[in-house]
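Over in TrEMBL, the protein carries these features:
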type	residues	note
DOMAIN	B:28-200	domain 'Bicarbonate transporter-like transmembrane'
DOMAIN	B:211-540	domain 'Bicarbonate transporter-like transmembrane'
TRANSMEM	B:57-80	transmembrane segment
TRANSMEM	B:101-125	transmembrane segment
TRANSMEM	B:145-168	transmembrane segment
TRANSMEM	B:180-201	transmembrane segment
TRANSMEM	B:207-224	transmembrane segment
TRANSMEM	B:244-263	transmembrane segment
TRANSMEM	B:296-313	transmembrane segment
TRANSMEM	B:334-354	transmembrane segment
TRANSMEM	B:427-451	transmembrane segment
TRANSMEM	B:492-518	transmembrane segment
Number of protein chains: 2
Amino acid sequence: MTSTPRTFVDEKHADQRWHERSWAYQLRPFRGMLHDVRRRLPWYLSDWTTAFHKANLYRVLAASLRMFFLNLAPAVSYLLDMNRRTGGTYGINEVLLASALPLVVFSIFSVQPLTIVGVTGLINLFNYTNYDIVTRYEGVDYLQFQAWMLIWAAIFHILGAIFNFCDFTRFITDMTSTTFGLYVGVIYIQKGIELLVFEFSSSAVDGWLAVLVAVLFTVIVYLVERAGQASPVPFWLRKFIWDYGFICGIIFFAGFVHIPGHLKDANLSKLPITKAFFPSTERSWVVPFWELSGKWVAVAIPFGFLLTLLFYFDHNVSSLMAQARHFPVERPAGFHWDFFLLGITTLVSGILGLPAPNGLVPQAPVHTESLSVMKLVQVDGEEREIHTTTSGTGPTQMKVVRTRVVEQRVSHLVMGLLTLGTMTRPLLVVLGLMPRALFAGIFILVGWASIEGNPIIHNSLFLLRERRTVSLDHPLLSVPKKQIAKFLSAQWFVFGASVAISQTVAAIGFPLIFIALIPVRYALLPRWFTERELALLDAPTANAPDVLQSIGGELLEINTDRKLRSGDATPKAPADVEVVAMEDGSMAPVVHSEDVVAGVGSAR
Amino acid sequence: MTSTPRTFVDEKHADQRWHERSWAYQLRPFRGMLHDVRRRLPWYLSDWTTAFHKANLYRVLAASLRMFFLNLAPAVSYLLDMNRRTGGTYGINEVLLASALPLVVFSIFSVQPLTIVGVTGLINLFNYTNYDIVTRYEGVDYLQFQAWMLIWAAIFHILGAIFNFCDFTRFITDMTSTTFGLYVGVIYIQKGIELLVFEFSSSAVDGWLAVLVAVLFTVIVYLVERAGQASPVPFWLRKFIWDYGFICGIIFFAGFVHIPGHLKDANLSKLPITKAFFPSTERSWVVPFWELSGKWVAVAIPFGFLLTLLFYFDHNVSSLMAQARHFPVERPAGFHWDFFLLGITTLVSGILGLPAPNGLVPQAPVHTESLSVMKLVQVDGEEREIHTTTSGTGPTQMKVVRTRVVEQRVSHLVMGLLTLGTMTRPLLVVLGLMPRALFAGIFILVGWASIEGNPIIHNSLFLLRERRTVSLDHPLLSVPKKQIAKFLSAQWFVFGASVAISQTVAAIGFPLIFIALIPVRYALLPRWFTERELALLDAPTANAPDVLQSIGGELLEINTDRKLRSGDATPKAPADVEVVAMEDGSMAPVVHSEDVVAGVGSAR
């Protein structure tokens, strides 16, 4: 398309391996941020112009529309929960602004505009748990406390970015990220069911109808998207379903409940809306955070720290997903700069009293997916290794290949502008016509997709599977069943613990669990598993060259202290693991190990 | 298992081809019935003893239980419709007796005990249409009229059996039987929806809950059975789901609506039951048919004739399905004798005022399927040609093979005894706890399975499919798209016409449409299609050697008047067509062209 700009290389340290670098280099202030910007700057102009190339424009617009829905629908779903559980502090206007703000900021100022930032389920959990805690005490204003928590978090973010802490994301492995993916999926479904249970509080009719709408939405969209992957479906129709299946489902069911007769009579509860552009409660946009007592300002510090841990993990994993190796992404990543930018949006959210946005684990990779140009080609061995998605189940083994990703900033900005547009009165009224039950369905659909495609599930099924039905080149066949079971038990245990803790007031501590898993992975697991086993069961999540450029150079050979020292570091693990995921693809064909954490297999 | 008895062969005519035989031979009274019995008699004792062999007993019991549910559930579903539309004339006791009677009679006295006979949706259509017609006039008793219709029908049946009319079933081709299968599937779903609409008449809560129960039942059983075909599922679990998935679904949802709370409060309408063993209305079991005026006795003649056409088609197609070539059935068929027996049960039904039972298109082949011994083997080319079901979608291409069918009479009789048992008070009360909504779900599930697996659907999808995704050895590739489209349009037109006519008072005329298709097939189609095209698009439904033995000898080479005369008649067509169905199997892997009409793909 455009000629490739010469990329900045940190010449002095380019030949140094990660473990050879000094701590002074590692902690040198602004080193990461500066390098990130330097690397990306030469691409900046074409980041805008590429979008308008006639080969790209349709893709950009289709992706904008799809991501607008996929970003906003779960955010609004969480709002319904957050609104109820924080005494109405957060309303639709706050969520819309908290969605629009980072979209505009990140599309223009980020290094890597593929990563979508928005309101997640975990910030919802954080917010209402804080509400439960804070409202136990007299004389403290919840929003002011939230503001301070976010101010502290912003400071930690900025410090983390300055001192290159994002380099450590290279240590995140699939053990952590897939457990996190499963956790997010289950929490989504739980929220969906809670929303539906709440619908019974007005009347049983509304309750049953709400359940019905949610079930029908989930099942129909799921089955249509499943059917849309089958080989008898013409390729143009498959592409259409990928792009618009989810959107059509939402529009249809939003209208469905307004059909006159029994449906309209039931008068399902709709999304509560308030005056456009104003905060949902009687307040000005700026939270008077300066009124909070010093004691509570101090109390907010650990909360801000926990939030920073959450965002560090959640945002960087999202970003890794959006640039995973199976996407043919070519433009450089920028973890440090983007984390700094996240600090800024966190600060602004605190001051304006918004739920703080961060990287969206499910949506970020779907953005890249939506921007991928797909092609249907015959399987003939040669192309097999790069960027395949579906292996057609048909007799001729056609497969869908991602030829390239339309990398640009326009789709991101358009999403932001659409979201801003939704804040105006006319579109707000349209939102107000949507039944809550539909949002419950969205929860269940997105959550289920995350569970269905998760490697923990696939590997657990692998254990149940009869050996004779397994392909002889299945990588896991070389790992003893007992070892797989041991590894999975650890994952299931952590998963169970994090779900359990989320139900208590200790919920805000859950990021600690996931962060703690990272050192555990390097300290304990090598005692229980061989190198080869870990390479097959637990590859590093950061595995694409463009990503590694930003976070410290070469691909990390995990669990190979000896090897790292001896300098023998051929990156073989990730390729293997990708095959694992392809294999399991027989059940959910499009899903890759990396997608899996993404968790919107069905929404794509 | 047992030594194969020497089978009776009609020596004098064994070498004669169908078209070489004289009309005198064709119409020779009792010829077919006598030969049927002679052929089967040597097997009769082992038909009973085989079941108790320890290698067979579990299969026999599992099949009995599954078929008991699969036979009774749709019958009861239709009863709900029939009861409402005939002013309560037919109730649960009539349907139970009408189900138990033929089960006991056919298990003991039939030649081919694989064919299940029971209450179908089409007799429901017949009965309520008659009710609409008869109740327009004064001074005629509906049940007496029905009795006479069935008496006449019985006479036509017996005459048909005596004069060997079942020989003509060899002319039935897939064009007719698959159109009929699609028609039955759509009528099932329509009835399911009608039942649900009716639930709204008490209150909206009940209505929505009923819809929810029906949707959940359908979707869950469907998805579990789909998932149960996936290769990661261990084979023993797959077999369990085949045998008990449907039963577990029914039992779970029958209990589900009784869970205290919102579910129990809604008080969904249940199955209406009456006093055990007595007719549902105030009458004695014997209908005083002798009281009907002569005029109406005469009017009943054409009705009886139409019913005979329906049963001739429906029963014989069921029987063909139950013994299709892809089942390794070895014991001889007996179309003539069994049709005579059907005349007897029709007569008894008329006199007792029961809905007349006949061969069940969806259930008959499932009985054979349930009795099949399945084995998981590796695909290695050799075994490929015979009796395969699923081609595992897994990487190693494992496939499920039917090694043999446990042919016996015990499962059939046990079903009959279980049905009789259900007529007793305690089990009747259990039936009375089942929500109507569940039966609506059964309608939709069974109907959808029939539609999903239908070759009309598959061939229509084939037209939409891109050439490059089609295997090069797909048989339909040799037929011009235009010709396939023409053939399908004819099928869709007939389908549309029969669905349309079913909605009117002319509904009882619909058997004429299907019967008329048979001569049309031989008179008109050869003008529009080449021989090769017809062989690929429209094979004869009767294609198994044991079946052909009963209905006239060698496999019919369709549309080959010249060939028939020249004596060149290699039976190549059916093998080809089976490949067609296998091919489309990429979408619905278990379904065969023959199963397809069966229409319970998902219930297996």
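Every residue, even glycine, has its Cβ placed from backbone N, Cα and C.
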Considering the transmembrane segment (B:427-451), which listed stretch of B:101-125, B:180-201, B:492-518 counts the most C-beta pairs under 8 Å: B:180-201
Non-local residues, at least 6 beyond the ends, that sit with Cβ under 8 Å of the transmembrane segment (B:334-354): 32-33, 35-37, 39-40, 89-90, 94-95, 97-98, 101-102, 105-106, 109-112, 115, 117, 143, 146-151, 153-158, 160-162, 164-167, 169, 279, 283, 285-287, 289, 307, 311-312, 315-316, 319, 547, 550-551
Same-chain residue ranges lying at least 6 outside the transmembrane segment (B:492-518) that approach it to Cβ under 8 Å: 125-126, 129-130, 132-133, 168, 171-173, 175-176, 179-180, 182-183, 186-187, 303, 306-307, 309-310, 312-313, 456, 460
Considering the transmembrane segment (B:180-201), which listed stretch of B:101-125, B:244-263, B:296-313 counts the most C-beta pairs under 8 Å: B:101-125
Positions on the same chain near the transmembrane segment (B:244-263), where near means CB under 8 A and six or more residues out: 62, 65-66, 69-70, 73, 209, 213, 216-217, 220-221, 224-225, 228, 433-435, 437-438, 441-442, 603
